[in-house]
Amino acid sequence: MPKIFRSLYVQVLIAIALGILTGFLFPSLGESLKPLGDGFIKLIKMIIAPIIFATVVSGIAHMRDTKKVGRVGGKALLYFELVTTFALVIGLVIVNILGPGRGMNIDPASLDTSGISKYTDAAGEQTVADFILHIIPDTLISAFTQGDLLQVLLVAVLFGFALLRLGKVGDTILKGIDTVNQVIFVILGFVMRLAPIGAFGAMAFTIGKYGVGSLAQLGYLMITFYATCALFIFGVLGLIARMSGFSILKLIRYIKEELLLVLGTSSSESALPRLMVKLEHAGAEKSVVGLVVPSGYSFNLDGTSIYLTMAAMFIAQATNTELSLGQQLGLLGVLLLTSKGAAGVTGSGFITLAATLSAVGDVPVAGLALILGIDRFMSEARALTNFIGNAVAALVIAKSERAVDVDRLTRALNGEDLPTIEPDVHSEERGEGRELDSLRPA
């Protein structure tokens, strides 16, 4: 096999192209390939919880300083709040300027709401108090069996601080956790060999089921949303990256394989483990990456934030529901809270949108039926923006903590070959370190 075809980047790219072609030419066949994409996502989700647990525990325990843990966590949460708020505002401003829903003149009573009932029902079942209580698992084990990232994060943080209190006994347990983490990443290497198959099945299903022609009516909203995400990535995140001393374009090139995987599966979770490896490989300390990236998947969903404000205002415009400035600010205020739980709710952004519209009451919930058909096509932009946003966040926090090898980061982003990840200062005696090549298909 030619060397170029051994690259995961090329394999996934070819798989996406073949998936689009299959779904377009053979729609029925494309729909039937859905299990390929679902199976790959399930394999990834199978190992996400243990990876996050081991990485967060290791990150906290290796810091040794509880004040540093609190400082990094505080910086991350402040960054997440500021950037996601900016994303919400940008979405609100652009949808008001361009008005993709104006002129549709749709009567909410005429919409078929049968397809959105499962989302509105799920949204109605969860209050703010329920969401907070949901973070606490019924048992330590249930957090892992249910695969809830927020619950796993809570257990991991408590476990990490507990190890700090145990002293030498904690160090012994930590060595075992680090070993388990290495085993999990070997398993990840096996799973990633199936990435092209998963991307092929997911893309074939999407095109086969929904078709390209069915997007024409709501295409303006999609174009507006994709353009807004691009503006946010290259404008806002690009400026943040530049202020922190690195290029957003070089970062995107560096994580291009992971971005293609996200594009093919429409899931930013599918590349989460590889993102952490790549950031460590680029010189960011494992302890910071292990805290910032997993928490970012619950609290730093920039693409989802843009989607929520744009979708809500699109429904209002399409149904001729006039919202005053005060009502729009009220909507924004509710979204500041509900958007932070998007990854912790089954159904993600769409249920969060339903919950928000139900809570605000100014925008007809029935209008969700308008965007149900294209939500799947908008998920790619959401996932890509979320993914890039978390990559930027990790590097920004790491640089603010001086927890990154600047020279190594520069070389990595410039495309230089750095095959072996340097071990952090706390793990040199154990010979830790993962080889990036171990995650590439042979």
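Note that Cβ sites are derived from N, Cα and C of the backbone, with glycine treated the same way.
Pulled from Swiss-Prot, these are the features on record:
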COMPBIAS  423-442  compositional bias 'Basic and acidic residues'
REGION    418-442  region 'Disordered'
TRANSMEM  10-30  transmembrane segment
TRANSMEM  40-60  transmembrane segment
TRANSMEM  77-97  transmembrane segment
TRANSMEM  144-164  transmembrane segment
TRANSMEM  183-203  transmembrane segment
TRANSMEM  221-241  transmembrane segment
TRANSMEM  331-351  transmembrane segment
TRANSMEM  354-374  transmembrane segment
Q. Which residues of the same chain, at least 6 past either end of the transmembrane segment (10-30), have a Cβ under 8 Å from a Cβ in it?
A. 4, 195-197, 199-209, 211-212, 257, 260-261, 263-264, 441
Q: Would you confirm whether the transmembrane segment (144-164) and the transmembrane segment (221-241) meet the contact rule of 3 or more C-beta pairs below 8 angstroms, pairs 6 or more apart in sequence?
A: no
Q.
Please identify the stretch among 40-60, 77-97, 183-203 with the greatest number of Cβ pairs below 8 Å relative to the transmembrane segment (221-241).
A. 77-97
